[in-house]
Amino acid sequence: ALIVVGSIVDIAITEVNNAEENSRISITFFRLFRVMRLVKLLSRGEGIRTLLWTFIKSFQALPYVALLIVMLFFIYAVIGMQVFGKIALNDTTEINRNNNFQTFPQAVLLLFRCATGEAWQEIMLACLPDKKCDPDSEPANSTEADHSCGSSFAVFYFISFYMLCAFLIIDLFVAVI
């Protein structure tokens, strides 16, 4: 009964002091009664309390899964920058100005696109050998006219990344929640 009376007093004071900017009565104390109604509801239901407790406990393991995902993206982005960072940008392929391994943020964004399953096969095919190199990435004293970029490592790289994201990471994330 005390919680209901406190809530009614809170609503009444809020309505009365709504027009006044400088109210003398601090109504923050009465707002605690609204929270107490929720606590009272949770204390009655054993199932709701168990569900809430499980939900809170699962959030304790969530940062570790997030850290694992960040580490996976970081490692694969650095490897991708080293192996595929010199591929020339071409708007007709999947390696273009929006999707490339030339900078770290672009590499992470490209990996996020692959992790969601959006055209990762085409990106993999665009990173295979015999692709043109970016003219800005070649050394000035390079004499090779047919210098090609890309690597056969792309097949292992993209399939392993997709498998880790699709099966291991997503399953861990769902298992924690």
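Just so it is clear, glycine is given a Cβ too, placed from its N, Cα and C backbone atoms.
Residues annotated as transmembrane segment in Swiss-Prot, with similarity to another entry given as evidence: 27-45, 64-84, 154-177. Here Swiss-Prot flags Asn90, Asn141 as N-linked glycosylation site. The intramembrane segment annotation in Swiss-Prot covers 107-125. As annotated by Swiss-Prot, motif 'Selectivity filter of repeat IV' applies to 116-119. Residues or ranges marked as site 'Calcium ion selectivity and permeability' by Swiss-Prot on the basis of similarity to another entry: Glu118. Marked as disulfide bond by Swiss-Prot: Cys133-Cys149.
Most other Cβ atoms within 10 A: among the disulfide-bonded residues Cys133, Cys149, that distinction falls to Cys149. Separating the Cα atoms of Glu118 (site 'Calcium ion selectivity and permeability') and Cys149 (disulfide bond) is a whole-number distance of 23 Å. For the pair formed by Cys149 (disulfide bond) and Asn90 (N-linked glycosylation site), distance between Cα atoms is given as 13 Å, rounded to the nearest Å. Counting other CB atoms no more than 10 Å from each candidate's CB, the recorded positions Asn90, Glu118 peak at Asn90. Under DSSP, the residues of the motif 'Selectivity filter of repeat IV' (116-119) split into helix, strand and coil as follows: 0 helix, 0 strand, 4 coil.
Restricting the average to the motif 'Selectivity filter of repeat IV' (116-119) gives a pLDDT of 88.
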